[in-house]
Amino acid sequence: MAVGLVWGLFFVPNGPQYLINGIRFGSILMLGAIGLSLTYKILNFANFSHGDILIFGAYVAISTDWLLFRLLSRWFPALATQAEDVVRWLAVALALIVGVLAGIAMAYLIDRVLYRRMRRSAAVVLIIASFGMALFLRSLVQALWGTGLQRYAILVRPGTVFDFGFFRIRLSFLEMVTIVAALALIIGLHLFLKYTRTGKAMRAMSDNMDLARVSGINTERMIAWTWAIGAGLAVVAGVFMGLNFGGLKPDTGALVLLSLFAAVILGGIGSPYGAMLGGLVIGLAENILVAPAIPSIPTAYQPAIAFILMILMLLVRPQGLLGEAERRG
């Protein structure tokens, strides 16, 4: 049915464009959902502050982007005049690195100050603590940057139209960068988890923390790696979200967090690969199901699609697409 729906898009007006938009949005959700899944798998709690860490790092990147753009334009006026897009892209690339580092630093600081003291606490205590931290981070962002919309310095150019005969798609350079960068980061994460010593230690720790500790694995170091990977990828998702969708607001993190949780549950709680798959499925579904096909869903109900899929998954397959069923007895 799903394959038929996707194939049918090629025979409706602008159908393939909705598919491309879904892949782009799904790529962003994939990056954001990985951190939630890793946190649950290794630390065994749902981190409600994940979306606000995403926004904090993305806002730092916005400020850095404008600062670097102005400095580069002042230092290299000829380049800024003749190749303005190059300067803007260079500024946003450097700002992305700064934002990622800021997000990682914030996540690590929160863990050292708050979560480290609660390692043995019940999951509900950690959830409440993370919810309180989310409110704190949101208030911090509002105090530092205000409540209005913030945009990056980059100029979004119209995309190139690719004509394939019976259908056409428009793809911009920004959209291509978003999809390719997300794919590269996901492949890199897979190689890291599967082949590096740290990645193998993280997987061992996710199976049994006590056994990993007894076997000589530095669990606190692995927890730090978990926060670094999760926060770093989340900030990348936040930056691409701001670039692709016209900017960010302080409550964007809370709004996107709902879709990220839906992606994690759909793919399988505690499975990073499931979170990737869930993010892609939700991104595709939210865009494909509002395409001008029959039956179609009004665009206003687009955010609800993620939760409909999540509820259906909980009813039909509670462990998710790639999750393992809980053994009882």
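Using the three backbone atoms N, Cα and C, a Cβ is placed for every residue, glycine included.
All TrEMBL annotations are machine predictions without curation.
With a threshold of 8 Å between CB atoms, the same-chain residues lying at least 6 positions outside the transmembrane segment (18-40) that come near it are 6, 9, 46-47, 50-51, 54, 169, 171, 175, 178-179, 182-183, 185-186, 189, 202, 206, 226-227, 229-231, 233-234, 236-238, 240-241, 244, 256, 259-261, 263-264, 267, 269-272, 274-276, 278-288, 290-291. Annotated transmembrane segment per TrEMBL: 18-40 (among others), in sequence order.
According to TrEMBL, the feature transmembrane segment maps to 52-69 (among others). With a threshold of 8 Å between CB atoms, the same-chain residues lying at least 6 positions outside the transmembrane segment (52-69) that come near it are 32, 87-88, 90-92, 94-96, 98-100, 102-104, 106-107, 110, 133-134, 137-138, 140-141, 144-145, 150-154, 231, 234-235, 237-239, 241-242, 248, 250, 252-254, 256-257.
According to TrEMBL, the feature transmembrane segment maps to 89-110 (among others).
Look at TrEMBL and you will find 122-145 (among others) tagged as transmembrane segment.
Summarising the annotation, TrEMBL assigns transmembrane segment to 165-193 (among others). Beyond the transmembrane segment (165-193), the same-chain residues lying 6 or more positions past its ends with a Cβ under 8 Å from any Cβ of the stretch are 10-11, 15-17, 20, 23-24, 27-28, 30-31, 34, 154, 156-159, 199-200, 202-203, 229, 233, 236, 240, 243-244, 272-273, 276.
Outside the transmembrane segment (223-246) by six or more residues, the chain places 24-25, 27-29, 31-32, 34-36, 38-39, 42-43, 50-51, 53-55, 57-58, 61-62, 92, 95-96, 99-100, 102-104, 106-108, 111, 149-152, 154, 156, 174-175, 178, 181-182, 185, 189, 198, 202, 252-253, 256 with a CB less than 8 A from a CB of the stretch. The transmembrane segment annotation in TrEMBL covers 223-246 (among others).
Here TrEMBL flags 300-318 (among others) as transmembrane segment. If you look at the transmembrane segment (300-318), the same-chain residues 6 or more away from its ends with a CB under 8 A from one of its CBs are 255, 258-259, 261-263, 265-266, 281-282, 285-287, 289-290, 325.
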